[in-house]
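Q: Handing you this structure, nothing more for now.
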Amino acid sequence: MELRLYDTLTKEKRAFIPIDPSNVRMYVCGPTVYDFAHIGNARPVIVFDVLFRLLQHIYGTDHVTYVRNITDVDDKINDRAARDFPGLPLNEAIRKVTEKTAEQFQADVAALGCLPPTHQPRATEFVLPRDDGRADMVTLIKQLIARGHAYEAGGEVLFDVQSMPDYGALSGRRLEEQKAGARVAVDAHKRNPADFVLWKLSSENEPGWDSPWGRGRPGWHIECSAMSAAYLGDVFDIHGGGLDLIFPHHENEIAQSRCAHGTHTMANYWMHNGFLQVEGEKMSKSLGNFFTINELLTTEKFGGRKWPGEVLRLAMLKTHYRSPIDWTVDALEESKRILDSWYDIVGDDTEAIGEVDREVSAFLGDDLNTSAAVTRLHAIAASRIGKSGQLQIDAKRKLKVSAVMLGLLGRTKREYLETDPQVILVDSNLVAHLLSDRAAARARKDFKESDRIRDELAAMGVVLKDGKDADGKPETTWEIAR
C-alpha cells in the first residue's frame, strides 16, 4: 500500500520513502514528568500509536523502531519537587515526583490502548558519555563548540543561531523577526537574543553533572537531539509531536542535530498534530476545564461519569490529526455508543482474522486519515445487516481486523465492558446456565418458567434478545444493561 504523509517542513503531502525499509525509524517527543498528562497530551500519544501500527503493518513488526522519550530533568520538575516535598533534599524530592508521574503516564497510555514504543529513554541516562557509545548530550555540545555553532558565556553554553543560515525554516520564523520574541529570553551575554541554552550551571542543591563547563544540567532541546541520535542515528525517517512544539523546540532540535552531525537534515518527515480545546474553549485551569487523562478515566469530573480509555481513543480518532479538536461530553457519549454497537457485533471473538479492508488501509495511507477510516468502519458494521451465514461472519471479521489497525476492538466484548466502571458485570457461566434452562422451558412451552428466568436475568442487569442465528434457527443473545 502507498503511504503519504504531510511534512510540516515542506508544507506538502509526500510519498513516504523510508531510508531503510528494514528499519523504519520514528521519534516522538514524550512527557516532561512534573505533572500528570492532560487530555491534550493524549492526542500525540494516540496519533503516533496509530502511525506506529500502520508502519508495522506495511513494513513488518520487527522492522519499525519507535522512540518516545521521557524528560526527567527540567526546571519545572525542580519547582514541583520543592513545592510537593519541602522537607526532603531536592534530589530525593525530584526522584519521587518523576517516578510517580512517569508511572502514571505509562498507566494512562496503556488505558488508551497504545502499544509500548520500542525504546523509552530517560533524559538523565543520556547526559554524560555512555559505555555503550550511544549519543549523549555532553558530547553533542562539545561537537557544536568545535564546529563553531556554540559558545560559552555567562556561565552557560549557548547555541549561536546565526551560525545556521536557514534557522527558522520549520516554523517559518525568520531570524530577524525573533530578536524580541515573546518566548525568547533576552540576556546581555547572548550574541543574539534568539540564542538558546545548551548547558546551564547548577547550584549546590540543584541536579547537576560534572562537565567541561562546570557542574550543570542540559537545556531542554539538546535532550531530544541526543536521545533521537542514540537510537535512530544522525538522520532518521519521522519526527512527531504537537503543533506547540514546532517553535522553539523542534526548530532548535533541528539546529543542534544538523550542526553537530554536519547533516543537511535531521528527519525526513516532520509531523504535528493539531490543538485540542474543551467545550469550545481553550483548556485552562483558571477556566475549570483542565482535565488529566487519569481524571477522565477514574473520576466523574467530565460529563458526570468515568470514561473507558477506548472511548477516549475513538473520540480522538474521529477527527483528522492535523485538524483542531473540540473535546465535548457529547463527542464522548457518541463514541461510547459507537463502540458499544461495534462490540455487540464482534462479541467475544478473540482473534482479528482476515485482511484489513482496502478502503480503511487507503484512508490511513492518505496522511493517517483516521476520520475517514472510522466512517468506513461504520459502513462495514452496517454491511452485515440482512446478510446470513458466512457473509455475516466475514463482515464481522472485517470490522474487527480493520478496527484493530486503529487500536480499536482489540479485546472481547466482555473485556471491553470490564473497562467501563458504569457497567455491572455478571457471571457469564451463570447466565449461560440460566439461558439453557430458559431454552428448555420454551421448548416444552413452559412460558411461565421462561418468563421467570428472563425476569431473574433482568434483575441481574442482563438484557435478552430473542431472534434467529445465521442459519435461521432460534437464538437468544444477551448483553449487560446500559
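Using N, Cα and C of the backbone, Cβ positions are placed for all residues, glycine too.
Annotation comment: Swiss-Prot describes Cys29, Cys224, His249, Glu253 as Zn(2+) binding site, evidence class sequence analysis. Residues annotated as ATP binding site in Swiss-Prot: Lys285. The motif ''HIGH' region' feature in Swiss-Prot is assigned to 31-41. Per Swiss-Prot, the feature motif ''KMSKS' region' maps to 282-286.
For each feature listed, report its degree of burial, its nearest neighbours and the pertinent distances within the displayed model.
A: Annotation note: His249 (Zn(2+) binding site) sits in a helical segment as assigned by DSSP.
In this chain, no residue six or more apart from Lys285 (ATP binding site) has a CB-CB distance below 8 Å. DSSP gives Lys285 (ATP binding site) a coil state; it is part of no helix or strand.
Long-range Cβ contacts of the motif ''HIGH' region' (31-41) within its own chain (Cβ-Cβ under 8 Å, at least 6 residues beyond either end) map to 70-72, 74, 76-77, 79-80, 97-98, 101-102, 104-105, 108, 242, 275-276, 278, 283, 290-294, 296, 312, 327.
Counting only same-chain residues 6+ beyond the ends of the motif ''KMSKS' region' (282-286), those with a CB under 8 A from a CB of the stretch are 38-40, 276, 327.
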Q: Within 10 Å of the Cβ of Cys224 (Zn(2+) binding site), how many other Cβ atoms can be counted across all chains shown?
A: 29
Q: Select one residue from Cys29, His249, Glu253: among these binding-site residues, choose the one with the most other Cβ atoms within 10 Å of its Cβ.
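A: Within the set of binding-site residues, the most crowded position is Glu253.
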Q: On the three-state reduction of DSSP, what should I expect for Cys29 (Zn(2+) binding site)?
A: coil
Q: Please work out the mean pLDDT for the residues of the motif ''HIGH' region' (31-41).
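A: Average per-residue pLDDT within the motif ''HIGH' region' (31-41): 98.
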Q: Same chain, not part of Cys29, Cys224, His249, Glu253: whose C-beta falls within 8 angstroms of the C-beta centre of the Zn(2+) site? Give them in sequence order.
A: Trp220, His221, Glu223, Ser225, His239, Gly241, Leu245, His250, Asn252
